[in-house]
Amino acid sequence: MSKEAANKEVFLRMTKRDSISKRKAWAIRGIAVVLSLILCALIIVALTNDNPFQVYLGIIDGAVGRKRRFWVTVRETMVLLIIAVGLTPAFKMRFWNIGAEGQILMGGTATAAMMIYFGNAMPNWLLLLVIFIVSSLAGMLWGLLPAVFKAYYNTNETLFTLMLNYVAMQIVTFCIVFWENPAGSNTVGIINGATRKGWFRNIFGQQYVLNVIIVLIMTLAVYLYMKHSKQGYEIAVVGESQNTAKYAGINVKKVIIRTMMISGGICGLAGSIIVSGASHTISTSTAGGRGFTAIIVAWMSKFNPVAMLLVSAFLVFMQQGSIQIASQYGLNENASDIITGILLFFLIGCEFFINYKVEFRKSKKEVQ
Amino acid sequence: MKKVVTLVLILVMTVGMVTGCGKSDTKDTTKGDSSDIKVGIIYIGDENEGYTAAHMDGIKEMMNTLGLSKNQVIEKTNIAEDESCYDAIVDLADQGCNIIFANSFGYETYMMQAAGEYPDIQFCHATGYQAKSSGLANMHNYFTAVYESRYVSGVVAGLKLNDMIKNGTITADQAKMGYVGAYNYAEVVSGYTSFYLGARSVCPSVTMEVQYTNSWGDMAAENEVAKQLIADKCVLISQHADTTGAPTACEEANIPCVGYNVDMTSVAPGTALTSATINWGPYYIYAVKSIIDKTAIATDWCQGFADGAVSISPLNDKAVAPGTADEVAKVEASLKDGSLKVFDTSKFTVQGSKIEDLITKDEKFSKYSAYVSDGYFHESEVISAPAFDLRIDGITELTK
């Protein structure tokens with residue numbers, strides 16, 4: 001390499017930051033949110049020719065403008081939050097669990113099966129209790145499989161969990177054949193629509209209060225488990241370095257299997273909250289990609305429960321809002337996916353600027 | 001390129017809607033007051049999908065005829081057949097809609113759920129069958145007698161086959177048609193049987209093969225199934241599936257074809273004969289007008305040529321046999337005045353016997369006694385959804 005080339009300073013220089021103040025990091029994230037909102041506004045304005053403030057009022061109206069819309073937003077936020085909470089232990093352990101979709105579907109399928117076959121066999125509170133247990137077990141099984149193979153044969157958990165998503169989808173498709181209602185629709189329809197067996201009951205006259213209670217309890221429980229229990233500490237050590245863990249006398253195999261059972265179990269429970277507490281049906285779209293969105297929620301929040309709640313709420317808010325925009329301005333419903341995509345792009349992209357410093361080339365004299 | 005076309009289409013439609021509304025003020029002939037009526041609709045697809053596009057045209061026709069303005073109609077597109085359709089329906093109810101339509105089969109239980117919770121709002125579900133049995137006074141089903149338009153499109157196909165036999169392209173024995181079906185449901189069976197009966201009414205030697213794609217709309221599968229049928233020596237193709245997959249294959253192989261829902265001449269200019277189509281406008285006008293006039297809506301509604309609810313798309317002069325237009329006019333007239341019944345029991349046999357004989361002799365067929373009387377099968381009269389699922393002689397199902 002010539003001397004000249006070696007001395008030439010690049011126009012942009014990116015260096016990894018050693019540390020960044022909390023305030024600065026949040027400022028960068030704040031700027032990213034503002035920029036993403038501006039870009040969304042520009043795109044919506046280009047499509048609708050309305051002024052951006054009207055458009056944002058439409059989003060607010062769509063997300064929380066009416067009592068029911070507010071509760072739907074809350075319901076969806078809670079679902080996203082509990083999945084992110086469920087993923088937290090696995091990711092803390094650096095176990096790349098991208099199988100939440102499958103774990104949710106298994107939990108949901110177990111829930112639907114309970115509602116269909118045992119709807120009249122027991123009182124509703126008992127049925128719900130059974131549903132919570134069975135759906136958690138189903139999710140647990142779906143988390144256990146890749147964990148055992150990872151622990152004993154060191155298989156790639158990313159591919160394994162991903163593959164199990166497709167297996168779960170096929171199981172749902174298979175069950176739909178038996179549960180189809182009405183015949184010929186290829187869907188299950190509302191389960192126990194008349195009797196409401198296995199449905200969450202209203203609390204304080206609101207349909208989704210029980211969802212909120214369960215999810216918040218689980219969030220708190222996982223937070224305490226991760227922060228203040230011995231097992232939680234073991235997970236963190238295994239995640240940092242398996243060799244260190246072994247040296248410290250931690251049974252790594254056991255931790256991997258136990259942690260994935262917890263992770264899968266919570267995702268399975270999320271499936272029951274979706275089926276019993278919201279949709280009252282099962283289909284291959286029951287998880288609806290939320291198992292993947294929750295990964296982003298968990299990582300972006302650095303596994304902080306309050307941050308996870310805020311990020312989930314923000315994403316769902318924009319999604320519900322853009323559904324309203326779509327029907328208000330005659331746009332396709334895909335508009336909502338576009339908006340979510342833009343938000344995620346900015347929110348994930350800004351992490352780069354938190355981890356790296358970007359410097360421009362300084363004047364030539366300094367280079368010499 | 002496709003995106004540009006879509007954008008232009010959207011623009012044209014928007015302009016169409018705006019000008020349509022402008023005109024509507026003078027057209028308002030209703031006796032009631034339509035200004036405080038609000039209409040909600042949820043669609044399974046959007047304007048890019050033939051079935052939903054036909055519904056959207058019907059809604060537009062209703063708006064123009066009854067003089068509803070754009071902000072009196074709320075349309076929600078691409079609603080999945082799961083809890084999101086319940087959310088969409090109750091959101092429309094919360095927005096003050098007086099009447100809510102839904103256009104896909106799988107919505108029915110969700111709509112019934114909503115209908116139970118909002119007894120003052122009218123709910124109308126296309127292609128469903130549970131309104132009557134639900135016991136809800138505000139739940140309604142609607143469909144059209146599309147079997148009539150399929151029968152007429154079958155006549156067009158039969159005349160084309162006769163023409164091919166006359167020209168020596170095929171012999172009378174080689175007159176075999178292929179049918180790309182979606183699922184083995186009554187709706188599809190009723191459709192292909194009426195198409196076949198239409199063809200056989202003019203070309204007695206015709207036979208037909210049916211193959212299913214197991215999807216209402218799968219471009220690649222429909223294209224593939226059409227190619228297989230053509231390889232199996234089918235000389236004319238028709239379809240009960242939503243895309244242009246089959247006509248595209250037919251145009252490549254130079255095989256005449258009959259479409260569904262939309263005019264297929266854009267993809268098969270040299271081979272598309274016509275398409276059996278549904279006009280949803282008459283129902284939407286009827287139902288919304290009932291709200292305005294404060295009259296009851298029928299629990300089951302099903303109309304055909306007589307009310308203009310079905311038709312065939314313009315005949316493609318490049319492809320149809322000479323004299324087709326005259327014959328079509330004759331058949332349509334006799335369907336309108338009721339002198340011609342599509343499922344005339346003297347015109348078909350099942351396992352070699354007449355259906356009336358089977359009903360009395362064979363227990364398996366006794367359930368059809370509710371439908372068969374006065375020499376014909378009363379399709380869509382007991383409930384609006386199709387019920388004819390007999391496999392008649394002359395048709396072979398290649399897949400089940």
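From the backbone N, Cα and C atoms, a Cβ is placed for every residue, glycine too.
Taken from TrEMBL, the feature transmembrane segment applies to A:26-47 (among others).
Summarising the annotation, TrEMBL assigns transmembrane segment to A:70-91 (among others). Within the same chain, residues 63-64, 97, 100, 103-104, 143, 206-208, 211-212, 214-215, 218-219, 222, 225-226, 232, 235, 259-260, 262-267, 269-270, 273-274, 277-278, 290-291, 293-295, 297-299, 301, 303, 305, 308-309, 312-313, 315-317, 319-320 sit at least 6 positions outside the transmembrane segment (A:70-91) and bring their C-beta atoms closer than 8 Å to a C-beta of that stretch.
Long-range Cβ contacts of the transmembrane segment (A:103-119) within its own chain (Cβ-Cβ under 8 Å, at least 6 residues beyond either end) map to 83, 86, 127, 130-131, 134-139, 141-143, 165, 168-169, 171-172, 175, 179, 188, 191-192, 195, 197-198, 263-264, 267-272, 274-276, 280-282, 284, 286-287, 290-291. TrEMBL lists A:103-119 (among others) with the feature transmembrane segment.
Marked as transmembrane segment by TrEMBL: A:125-147 (among others).
Sequence annotations record features per position, and here TrEMBL assigns transmembrane segment to A:159-179 (among others).
According to TrEMBL, the feature transmembrane segment maps to A:208-226 (among others).
Here TrEMBL flags A:255-275 (among others) as transmembrane segment. Proximity of distant same-chain residues to the transmembrane segment (A:255-275), defined by a Cβ-Cβ separation under 8 Å and at least 6 residues beyond the stretch ends, is recorded for 78-79, 82-83, 85-90, 93, 95, 97, 99-100, 103-112, 115, 131-132, 135-144, 146-148, 150-151, 191, 211, 214-215, 218, 222, 225, 231, 234-235, 238, 245, 281-282, 286-287, 291.
The transmembrane segment annotation in TrEMBL covers A:306-326 (among others). A Cβ distance under 8 Å defines the sequence-distant neighbours of the transmembrane segment (A:306-326), meaning residues of its chain 6+ beyond its ends; these are 33, 40, 44, 48, 55, 58-65, 69, 72-73, 76-78, 80-81, 84-85, 219, 293-294, 297-298, 300, 332-333, 335-336, 339-340, 343-344, 347.
Here the transmembrane segment (A:338-356) has long-range neighbours at 14-17, 20, 25, 28-29, 31-33, 35-36, 39-40, 43-44, 293, 296, 300, 311, 314-315, 318-319, 322, meaning same-chain residues at least 6 beyond its ends whose C-beta is under 8 angstroms from one of its own. Annotation comment: TrEMBL describes A:338-356 (among others) as transmembrane segment.
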